Amino acid sequence: MSLLSLKNVTRRFGSLSALSNISMEVPQGELRAVIGPNGAGKTTLFNLISGFFPPSEGELLFDGQSVKGVPPEKLVHRGMIRTFQITEIFLDLSVYENLEIAVETAHGLNLRPWLSPARRRQVRAHIDELMQTLHLEDLAYRMAGELAHGDQRVVEIAIALAREPRLLLLDEPTAGMGDEETDRMTDLIRHLHQERGITMLFIEHDMSIIFNVADRITVLDNGHLLAEGTPAEISANADVQAAYLGAAR
Amino acid sequence: MNATTIQDKTSTLGGSRAGMSSVDLPRLAAALVIWALLLSAPFWLPLVGGYTVLGTRVLIFALVTLGLNLLLGFTGGLSFGHAAYFGLGAYGTGLMLKFVTASTPLAILVGVLVGGLAATLLGPITVRRKGIYFAMITIAIGQMFYFIAVRWNSLTGGEDGLTGFARTNVHFGGWTLDLHNPTNFYYFTLFFFAIGCFVVWMVLRSPLGHTFVAIRENPKRLRFLGLPIGVYIWIAFAISGFVAALAGSLYALLNNFTSPEDMNWILSGDFVIICVLGGMRTFWGPLVGSVIYVVVQDYLSSITVNWMSFIGAIFVLSVLFFPWGLLGFFQGRFKK
């Protein structure tokens, strides 16, 4: 069964149809990229899936249940979490403290004014494990605000991972990154997908990443679903080529 | 005192609480020096031109602002209404002693419950708004209590304030603590100040405190981790309300008097000024701010009735040159 499925989803803003009649299925464990020229509706699709606003028409299912109209803070508890195009982390806290708050939240400890030593160790172990997975150990005691942009994005992904999401939504994970940082992020995404089997959906502009790591690609154009398929199928698709060349011209 | 309290900032903003070793030596040393100074205050205060009651006033202002700072400095909620809970604690205790009981501990308990529960019940109304609207609602609610105190003459004594009660000695089994002795009352107050410090310190190093700081830093991020942040601001509001009520209760006992001025928004503003002066994001900032406030008030009010304008000038200079308060300034310089 699909983890995420959209059935004939339309989203209108006034008279503008930002998304028209989109249907897509993301199976468990898949790494799916969403691409499209500017204004194609990628961000609208993302905001819609992550609960910022409901579809005007159509059905949105997560794990077989309708999540139409469920706000983002509730979706988190069902296992869907997103990152933002503009990195949202705690800039004035250290990397360790960023992960600490994420892990404590994931374990549902926020109301506790006191932790037993055993629980403290458990939290600490989870933080250490996250820092190891994402290679953040050396940055643990640095203020998040002092980090390079690429490292901040990794911290944001670490925060999201603390909740052990079933579906991770990444909004342009490599936006504004240099080549080296982009490579690192690509490796990280591939690692999370392959080693941890996390289902991921991401918007991306950088074609090299998409064709490198994505299992399948969904192409949007002007609010419509233009094509869907494996990287090989998409790169051979005449409609997609036309849309991109058209957009370039 | 400043030079010894330099490391505080790292505990809530930096990595020290995450350190492998749980002992942070500069912090520990600072805390030891502060407690040594507080414990010995009745002995050295006369030597520097002070007196014991001045020390008690510092402790009471430090207690209320320590609680307020949990909301203001650590959670990021600007309240201009905490004098209301301070005043409710004062009136609760005063009225108990005047009309109901001769027991000081019982009067304190009632004062704390009245002020604390009022903050707890009214919290949900305030936390629905953010920023300047939050501040406005806290003022409005605070002033409501102020006007009740002014108008309800028969019970509260109106503008003249509540008189006709006095703190009584405390009995533990066969042992009596003579609270009429100012030094004894200082240590009595210090005991409650220590409880307040312990509570705030515990909270700040717990997941609850981490959540408060995270709300101040990035409420959006926290909301998208699935937390209903209003609930947590409410909790911070309630805790700070209980601490303010405790301080107000002690203030009524210190003066054997309370008046609507102890509930007025002007006093709420003074509490905020104390936090900002001392350093909002530091644990000991409120104590430092209270020392400045109480000492300046005591010294200048004997010279001029316009002492508040000097506090105002100090506040303006502090905001201009030490935006993170005195402690924040020294800590920042030490860290670089």
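The backbone N, Cα and C atoms fix where each Cβ goes, and this holds for glycine too.
What TrEMBL says about this one:
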- B:28-47: transmembrane segment (TRANSMEM)
- B:59-86: transmembrane segment (TRANSMEM)
- B:106-125: transmembrane segment (TRANSMEM)
- B:132-152: transmembrane segment (TRANSMEM)
- B:185-204: transmembrane segment (TRANSMEM)
- B:225-251: transmembrane segment (TRANSMEM)
- B:271-295: transmembrane segment (TRANSMEM)
- B:307-330: transmembrane segment (TRANSMEM)
Worksheet item: Okay, the transmembrane segment (B:59-86) and the transmembrane segment (B:185-204): do they have at least three CB pairs under 8 Å, pairs separated by 6 or more?
Response: yes
Discussion item. Checking distant contacts: for the transmembrane segment (B:271-295), what same-chain residues at least six beyond its ends satisfy Cβ-Cβ under 8 A?
Written reply: 1-2, 5, 8-9, 11-13, 30, 34, 50, 54, 57-59, 61-62, 64-66, 68-69, 72-74, 78-80, 82-83, 86, 200-201, 204, 311, 314-315, 318-319, 324-329, 331
Worksheet item: Hey, which bits of the same chain come close to the transmembrane segment (B:106-125), Cβ under 8 Å, at least six residues off its ends?
Response: 84-94, 96-97, 100, 137, 141, 145, 230, 233-234, 237-238, 240-242, 244-246, 248-250, 252-253
